[in-house]
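Colleague: One structure coming up, written as structure tokens, with questions to follow.
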Amino acid sequence: MGARASVLRGDKLDTWESIRLKSRGRKKYLIKHLVWAGSELQRFAMNPGLMENVEGCWKIILQLQPSVDIGSPEIISLFNTICVLYCVHAGERVQDTEEAVKIVKMKLTVQKNNSTATSSGQRQNAGEKEETVPPSGNTGNTGRATETPSGSRLYPVITDAQGVARHQPISPRTLNAWVRVIEEKGFNPEVIPMFSALSEGATPYDLNSMLNAVGEHQAAMQMLKEVINEEAAEWDRAHPAHAGPQQAGMLREPTGADIAGTTSTLQEQVLWMTTPQAQGGVPVGDIYKRWIILGLNKLVRMYSPVSILDIKQGPKEPFRDYVDRFYKTIRAEQASQPVKTWMTETLLVQNANPDCKHILKALGQGATLEEMLTACQGVGGPSHKAKILAEAMASATAGGVNMLQGGKRPPLKKGQLQCFNCGKVGHTARNCRAPRKKGCWRCGQEGHQMKDCTTRNNSTGVNFFRETHPLVGVQTRELCAEHPREREGSGAGDSTDTSGANCPTTGDDDERRVLPQVNLWQRPMMTVKVQGQVCQALLDTGADDSVFCNIKLKGQWTPKTIGGIGGFVPVSEYYNIPVQIGNKEVRATVLVGETPINIIGRNILKQLGCTLNFPISPIEVVKVQLKEGMDGPKVKQWPLSKEKIEALTEICKTLEKEGKISAVGPENPYNTPIFAIKKKDTSKWRKLVDFRELNKRTQDFWELQLGIPHPAGLRKRNMVTVLDVGDAYFSIPLDPDFRKYTAFTIPSLNNNTPGKRFQYNVLPQGWKGSPAIFQSSMTKILDPFRKEHPDVDIYQYMDDLYIGSDLNEEEHRKLIKKLRQHLLTWGLETPDKKYQEKPPFMWMGYELHPNKWTVQNITLPEPEQWTVNHIQKLVGKLNWASQIYHGIKTKELCKLIRGVKGLTEPVEMTREAELELEENKQILKEKVQGAYYDPKLPLQAAIQKQGQGQWTYQIYQEEGKNLKTGKYAKSPGTHTNEIRQLAGLIQKIGNESIIIWGIVPKFLLPVSKETWSQWWTDYWQVTWVPEWEFINTPPLIRLWYNLLSDPIPEAETFYVDGAANRDSKKGRAGYVTNRGRYRSKDLENTTNQQAELWAVDLALKDSGAQVNIVTDSQYVMGVLQGLPDQSDSPIVEQIIQKLTQKTAIYLAWVPAHKGIGGNEEVDKLVSKNIRKILFLDGINEAQEDHDKYHSNWKALADEYNLPPVVAKEIIAQCPKCHIKGEAIHGQVDYSPEIWQIDCTHLEGKVIIVAVHVASGFIEAEVIPEETGRETAYFILKLAGRWPVKKIHTDNGPNFTSTAVKAACWWAQIQHEFGIPYNPQSQGVVESMNKQLKQIIEQVRDQAEQLRTAVIMAVYIHNFKRKGGIGEYTAGERLLDILTTNIQTKQLQKQILKVQNFRVYYRDARDPIWKGPARLLWKGEGAVVIKEGEDIKVVPRRKAKIIKEYGKQMAGAGGMDDRQNET
């Protein structure tokens, strides 16, 4: 500081301090402005020593002047300061900054004109650069014009003594400064002026060197390269190459690539830059620099995307910090200067917090930034809060506050507040609307603030702080200092009883002194003696130093500035001062200065031995209960061996000592058996409890985590740590009311003593509720830590924790230490034994490395004799390995254990299974690794066909780096084809990807677009088709045959049919052709469906290459329309083989027994002596009904008594309903009072749809707009018509609005939200939206307006289409559900009433009364009773119903004395 401040001395310093910062302003230049200017020059890699003389100042001015127009406010302020300093050195008399800047700009203009008029030869003879010679004539360093006084050459092109221009490589210091700028600033707006300053006079070669120095920013450099290429191409278009020879003495004109330094040499660049333009000179360095700045502007917009509209002052943010952020962002805004000026004038005030906004508005229009900063200094931050607090304290204790410099105001009443700003009573300075009072709030004088005021509090000043603190004199409780004690467990070494500052003393017991133990329900104030002076002080563990006010200490002191509550505070630092607290005295460093309250900091607290004691935070107990009507388990303990009894006794002693179990007496009637097993590879025992009976009786729980996290979903992190929570379940408390049900007994040897009984106080191992409760508790414990560190990955599964971050090693370890301490405060220990901080990390069965992951080592079993259990374990390990090992198969191995077999039953390995196992072993020999997920790259999934119905797939982002692999061998049905299998596999991969990454990958499928489209058109029951593309990876999927949609005119038509007798199982299949041919075949032990298939087989066998087949069997149509290429049925397999040999096939259906030509003939042919033929009526009426209402086939079959095949054919013949047939899935049943609601769009209008989940009943209407108000109206209408207890919607803004919340609250409706586009959520209403639109399309031509068509479609869906459970319409099903629900509730009430009665009864042959039995139902003529496990029906005349009043003594009364009911 001294070196920089010494640039001016004597008269020059006086002149400097007499110059005003602004014209007509009061503030003047001080030495601190020189210090600031020197620091700024060093930031821009310029030598601060240049400020010592006029020549150096002029060089700085020339360097900064090009950046003034586009530079930041800091650059402009630095330029102005150097201009003033130049004038002081040059002896120019100026009054303020503006005059100095005008003088400098005038000299710059003169020098520029002289430079233009002077010839190149004259400049060389002078041997100097005119640019670097100050106009004042005080020249220096004439031989090397670009050399700084310190001797370093910052500018690349220099002129030697002979006047020859040569290149000086750019200095390492300049490159280092540029790299530091990028590392510290990134690509924010400050980079551009810094680059401009560092690259002044540089050649393209040097500019490329600067870009190469930051080449690790690949994305930014690529964008910069694109901008440079565009500008180079534009240069080439504007400056085409000249044809013909080059003129003598002229340089060639550079191309765009030459300017960028790609195709030009360094010598050419120097010549272009130093040669006059008349001789072909081109400033290639400046041009290239301009191109780079254009690219940097683009990078600033990309890397600093924050809009100026988003910059708002926080409630506690200092105004100066807010202004810094505001101007930093506005520099990055791509707008004209008038627009930026308007933004500054408007948004700077508009986005300030309320405290500052009141003050800024009071300043009026046109206030300068300096006035704003002055007025808002100390407002809004912690210092302002401290002032308000002190103001309130002063108002409460002092009689009044005198803010006026003149007369006194009347004393304030108790509880009144007085403003520090305006002096009025009734409000505080924070809420004062008067203009911010300038000057000091203590002495009233202007020119300084209160923190800099040297005047002490007196009668004429402001009584800002109280002389006596309100808590002085309040004596804290004195307790004996806590004796050091060992804590059982893993040494979580802090005491656990109190929360506060505990101050024990050291020394022997006889010298132990008493110090207070302070709880934090009040401020920890104590009486302190500082060098014999008594005062009150606050114990502050957050303060580094101890600070006192209004005390006078003896001894030497040094000045110091510290950051205090009110900003920076000047203090005096005294060393080795005696400080006494209680009866203990220490010597420490003490600071004396202006502080609101005396503070004892850590430097003294540490010497006193004070500690902060945190109690273990109580974990919230989850309430648990048994299932309704059940009692706890009462299972007797089975016998145990002597060594097991001894082992269990020792284990339970330890658990009881740790408080995890507690002893119970005989009053607890419940018991669960226990036993012990030895741990693997050790002689220690492990206690196990058989909670099977308790699990049956305990309420059900919902697993919060549906699966384990997968490493493929992890992001690549610099630092990773894996932790394990020790004794996880034993760290979570069990519901005290439920503990009695966990009681168990340790028996004694030979029953020499009663068994020892215990019950669990924590979650027991093996109990069904432990996993769910532990997951829930662990999540609540980790939530605050997750919110505090959002950039850190924390994966939690049961007691395993994965923590990944991009911090450096030291910061990451601090983070892990903080997490472990956080868990420890809740009583959760993370033992060092399972603490992993170095790779490889063993986690969840995986092995994690910094750049890859794999599964842990897999060892396949190789027993001498294979059993079912061995095969099961083998398949499980292979399935686990298949997630990263590509090509694993298990189909043949799974065939070995088909059926119901015992675990120990031997299995003979088939040749195919042995071959499959050997292939898998070869795959596992080579180590395979997986990659980590990168959110910036797209996700792809490649699928390969392995044959025999087995498939394999890989999910990856980069070729050769698989995230995950897998296999698939699920067959969707008996008759299938490869495309149906492919659709199932795509569905599986899609679900996996949504779970792991939250997105669906792009699929690479081994099927051509024509094949897929052909099958998709005919077989439409694919619920979801992803984005995909064809890859030519054999073997490809293909359709081996295709069914035509139109008959083949030249081909023979075969009418086929089959018949079978249900009783004799005899049948016949045959066909009749349109050319007079016919044939039949008798069948044994067959069915109607098999006979129909045999008829098709006969027709295919006897037909040519092209054939038309007509059948009346819907079963045959269903099998063959799916285009199967494989089947488990022999007859279907034969048909498939024959179909593949045909060139063209047409398959059609006609209704049976309707007198249709060929069908009637073949029906008679195959039915003779086999079955009777029936004829139907009502088909025409059903056809008319469907044309009007488009009912589904079940409604037609019910209403008109038609067979399903006929009703389905009526649907198939309708052009509007045969678009995509009937879905193959059925109705899903849910709770009776749940509705799903969604909004869909049609014809540019909004349709809101509500679906009753259990019945499929729809309420829908067209609403004017998709808002919360309209949605709330619809929900209230729905609740007024039907019982609605719960609605399920997506997260749309209309459903999350306040209006919908209010409507649900008023109607007592529980509102749940789903996930948009997730197949596991909103499925019912999404499906109904689709169906409703199809119905609207069918009836749209019958209605003029869409709202009418919607109502018609709702009516058709609810009352004209049957199906699902009960074969009802949706309306009938809803009424049935509601009626049944009401009847069930009434019945339950009656059952509860009769449960309090007991029944005595007699059998028919036994006159002895039996009972009491439990009454289940009382009817008119009989009663239903339960005795033991038997349920009986007894006539009323043989039963007596007794109300149970409790146990009665034997002999106290007979049957006649008891109350009965007959």
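Yeah, the Cβs are placed from backbone N, Cα and C, and that goes for glycine too.
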Colleague: For the Mg(2+) 2 site, Swiss-Prot lists ASP1057, GLU1092, ASP1163; sort out which one of ASP1046, ASP1102, ASP1112, ASP1185 goes with them.
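Modeller: The record-listed residue among the candidates is ASP1112.
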Colleague: If I go by Swiss-Prot, which of ASP724, ASP735, ASP737, ASP832 binds Mg(2+) 1 at the same site as ASP799, ASP800?
Modeller: ASP724
Colleague: Of the ranges 16-22, 254-260, 912-918, which one does Swiss-Prot flag as motif 'Nuclear export signal'?
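Modeller: Here Swiss-Prot associates motif 'Nuclear export signal' with the stretch 16-22.
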Colleague: May I ask for the residues of the chain that lie six or more residues beyond the region 'RT 'primer grip'' (841-849) and have a Cβ under 8 Å from a Cβ within it?
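Modeller: Residues packing against the region 'RT 'primer grip'' (841-849) from afar: 708-709, 711, 714, 720, 722, 797, 800, 802, 855-856, 880, 929.
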Colleague: Do you know the mean pLDDT across the domain 'Peptidase A2' (535-604)?
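Modeller: The average pLDDT of the model in the domain 'Peptidase A2' (535-604) works out to 86.
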Colleague: Kindly report the helix/strand/coil residue split of the region 'RT 'primer grip'' (841-849) according to DSSP, in that order.
Modeller: 0 helix, 6 strand, 3 coil
